[in-house]
Amino acid sequence: MELLSRQDPHLREVVWFAVCCRALTLLLQATLLLCFYLSLFQALFNLLLPDHPADAFSPPRLAEPGRWDVLVEQVLGGLSRWDAEHFLFIAERGYLYEHNCAFLPLFPLLLRALAEGALGPLQPLLLPRSRLLLSAALLNSLCSALAAAALYRLGCLVLGSRRVSFLAALLFSISPANVFMAAAYSESMFAALAFGAMWQLEKGQSWLSGLLFSLASGVRANGLVNAGFFLYSRGKCFALQLQGGPGAVRKLPLLWKQVLSLVFSAALMCAGICLPFALFQYYAYVRFCGAGTGLAQPVPQPLLQLALDKGYRPVATDGVKPPWCSQRFPVVYSYIQDTYWNVGFLRYFELRQIPNFLLALPVTLLCSWAAWTYLVANPRHCLTLGLERRKSEEEGKPRAGFCCPAVFVYVVHATVLLVVGFFCMHVQVLTRFLGSSSPVLYWFSAHLLQEQEPLLWSEGSAHHTTASHSKKSLLGKSPGSCGKGVSGNPVVRLLLNYGSITPLSKCILGFFLSYWLLGLVLHCNFLPWT
């Protein structure tokens, strides 16, 4: 398998580091299996920060747990907080409540398949919820490693710098959104599919890329935005073809055929990417709005009582259709975001939300800085939307690093997500929203570290990540001859020398690590986090 090829020592280190970080994340919240001093550490935090009485979705347990279920809950219970309860509930019982439909089906479907398949032999020992919790830990560990590998492969193609790509992929493994990559959330799976799709698109594998983008839109709704990558790729190829010289002018009579082909292929691919999301909206409409819709089995009474107590709308019990069923375009997703969570333009701009804006401040500043840096370095390229043929491209020597032309579409994608998230969403989710959707957060952080941190500069080479620097360092060598570049993990090296690194490096690594560790402590204790 190309993604996990053993020919590249950088890739092996990326995957190994991702596995180690995920194992460490699981161990840090598994208090019963930690050594004595870590158990005291966690007990101290539970004493200082007891479980927050959050008004979150928490369905009743209908079966009496056995001793093995209690053990699984004590070891992995921190993975089932907040929205994770929705995913586990959907995987076990389906979409019984209207607001469950805000969570797309691919992730809970795979949880259910893994719990019934690979973990099926544990059925005599564990209840379905316990097997689903185990499935979430295993599935997200695998997806995190695949996402890190795909991010590394993508960076090598886009940045043209193996050094920066390697560092960015390692930073992904200590992402500030790490707790959500490990918990029973869909972020890890979405990152693996999205980064994999971007990588395949850069390789020219349009259909495989479209398939992965389509699967991503069945995991998270913001996967629909990824259709822009395909549209831009096709549009850019067409624009550059028109600038191909005198030969292109002679082919102008065939231009209309090329335009039709471009429009048809783009429409087909975008339809494929949006199809899972559209099919799920149709499923929700049939389930909650259909005249004769009902369940094969009645909803258990404790779950009906929960709906009555909390104001949830269960599926097809009283024959009354929800308001969104009569809309011209009955999209349950947007209705739930508006009605249940008050998501909308500037709705979160309240004084009492200042702490949440402060939580989102580091990632907002970092991504804004990335966009500004790229704009200043490439003003003409940005003004022409990257559709103008550059002399460096004609000579076959494009610039390498974060400010190279190929990064443009990724910066635009990250900026769009940042603006939409900041003004229209619950702003505290920006960290995991961007951390699981865009490579720019990791590329720019790696770029800053590589540019500003002397500890990462190679002997006898300049510290700027330019094409000449990359040629002198890692790109000009075969994977097996990387020497000191791979003998040590640069992230680990920086952490071991934390006291002597630059203030900027301390800020970047401090942001990544503090959000990882604080996220574990707060999220696992049902306290509000990103």
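The backbone N, Cα and C atoms fix where each Cβ goes, glycine too.
Keep in mind it's a predicted model, so treat the numbers as computed, not measured.
Record features (TrEMBL):
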type	residues	note
TRANSMEM	14-40	transmembrane segment
TRANSMEM	132-152	transmembrane segment
TRANSMEM	164-186	transmembrane segment
TRANSMEM	206-232	transmembrane segment
TRANSMEM	259-284	transmembrane segment
TRANSMEM	357-377	transmembrane segment
TRANSMEM	398-423	transmembrane segment
TRANSMEM	507-529	transmembrane segment
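With pairs at least 6 apart in sequence, the transmembrane segment (206-232) and the transmembrane segment (398-423) have 3 or more Cβ pairs within the 8 Å limit; the two touch. Taking residue pairs at least 6 apart in sequence, the transmembrane segment (507-529) and the transmembrane segment (357-377) share three or more C-beta contacts under 8 angstroms. Residues 104-107, 186-187, 189-190, 193-194, 196-198, 200, 266, 269-270, 272-277, 280, 333, 409, 412-413, 416-417, 433, 436-437 of the same chain, all 6+ positions outside the transmembrane segment (206-232), place their C-beta atoms under 8 angstroms from a C-beta of that stretch.
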